[in-house]
Amino acid sequence: MGVLRSSFVAMMVMYMVLATTPNAEAVLTCGQVTGALAPCLGYLRSQVNVPVPLTCCNVVRGLNNAARTTLDKRTACGCLKQTANAVTGLNLNAAAGLPARCGVNIPYKISPTTDCNRVV
């Protein structure tokens, strides 16, 4: 009976530890972030001062709302940084100013040089 009781207590302790440990996985993925930005590409490649499309701003707001945890924010930042490095003809000023033009405040600049490890 002592072995069963010890096993039960050990299982309960493990359950309590697992139940109180925050989930360390990001909800957002790079595929979601980069795929969602399709309506923004024309604006981000533009070399003239044009209005941001409403569909683009809706995406920016949606991504901002989806990035609730620090890990989500860092994931989104890393994906945006990766995209900024990969998109041919990207207007870096347009990318950096996109959140503000959509009325969104994010804790970093969309840039190929952003340090996403500092995002909280």
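Using N, Cα and C of the backbone, Cβ positions are placed for all residues, glycine too.
Recorded disulfide link (Swiss-Prot): Cys77 to Cys116, out of the candidates Cys30, Cys116. Noted from Swiss-Prot: Cys30 is disulfide-bonded to Cys79, selected from Cys79, Cys102. Swiss-Prot names the disulfide partner of Cys40 among Cys56, Cys57 as Cys56.
Remark: of the disulfide-bonded residues Cys79, Cys116, the most isolated position is Cys116 (fewest other Cβ atoms within 10 Å of its Cβ). Proximity to Cys40 (disulfide bond), defined by a C-alpha to C-alpha distance within 10 angstroms, is shown by the following disulfide-bonded residues from Cys30, Cys57, Cys77, Cys79, Cys102: Cys57. Of all the Cβ atoms in the protein chains shown, 18 others lie within 10 Å of the Cβ of Cys102 (disulfide bond). Cβ neighbours of Cys77 (disulfide bond) (same chain, under 8 Å, six or more residues apart in sequence): Tyr108, Thr114, Cys116, Val119.
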